[in-house]
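Listed in TrEMBL:
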{"type": "BINDING", "residues": "His52, His100, Asp185, His189", "note": "Mn(2+) binding site"}
{"type": "DOMAIN", "residues": "27-108", "note": "domain 'Manganese/iron superoxide dismutase N-terminal'"}
{"type": "DOMAIN", "residues": "115-218", "note": "domain 'Manganese/iron superoxide dismutase C-terminal'"}
Amino acid sequence: MLCRLASAGRSGAKLITPLGCLASRQKHTLPDLPYDYGALEPHIKAEIMQLHHSKHHATYVNNLNVAEEKYKEALAKGDVTAQVSLQPALKFNGGGHINHTIFWTNLSPNGGGEPKGELMEAIKRDFGSFANFKEKLTAVSVGVQGSGWGWLGYNKEQGRLQIAACANQDPLQGTTGLIPLLGIDVWEHAYYLQYKNVRPDYLKAIWNVINWEDVSARYATCKK
């Protein structure tokens, strides 16, 4: 069960899971953005970034803290029914916190272009070309029904990159076992104020701000 979300650096967000640590856990906090709200314009408006970060992500953090406190109480009482009933809230808000913490660092005002080095070689190996990879991840992200995420993940057992989609705020690793490298948020709050209901336009634009240095660092870390 969720206990504490470590700060997300280049290695990504990590969960510490033993139930016993709930008794002395630290509360989750909203991470600062590594850039100004308007830094990703014109591709993503400042208004979207401000609402997305300070309202939506903050809500996941607050609700996760509440759910964990309730879980702590249920655990102390030995109330298994209450523990089970809290699972959806922990998954949704915990996933929202994990996903967005990765998402902010996956973006950069100096992003765009193509990755280099080992990540680029892995993309060519597993998808044929960068263009083919980009097309596939875009298609998977466009095809998410309702709200969710498109992901590039690393399959540690098979030693290869994989593309996946997750519904709602389901976290990639907790849901599929893939280690998250690059996440694209396709909830409407991530783009509607600028791109309305035309998700493909948003997905076309977001490639201009992908932080390949961050994605490459995540790839290097998860291979160790």
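Here the Cβ of each residue, glycine as well, is placed from N, Cα and C on the backbone.
Keep in mind that TrEMBL annotations are predicted by a computer and have not been checked by a curator.
Apart from His52, His100, Asp185, His189, the Mn(2+) site neighbourhood in this chain, defined by C-beta within 8 angstroms of the site C-beta centre, holds His53, His56, His57, Phe103, Trp187, Ala190. Taking the Cβ of His189 (Mn(2+) binding site) as reference, residues of its chain lying under 8 Å away and at least six apart in sequence are, in sequence order, Ile48, Leu51, His52, His56. Other Cβ atoms within 10 Å of the Cβ of His52 (Mn(2+) binding site), summed over all protein chains shown, number 23. Remark: secondary structure over the domain 'Manganese/iron superoxide dismutase C-terminal' (115-218) totals 54 helix, 24 strand, 26 coil, with classes taken from DSSP. Long-range Cβ contacts of His100 (Mn(2+) binding site) within its own chain (separation 6+, distance under 8 Å): His52, His53, His56, His57, Tyr60, Asp185.
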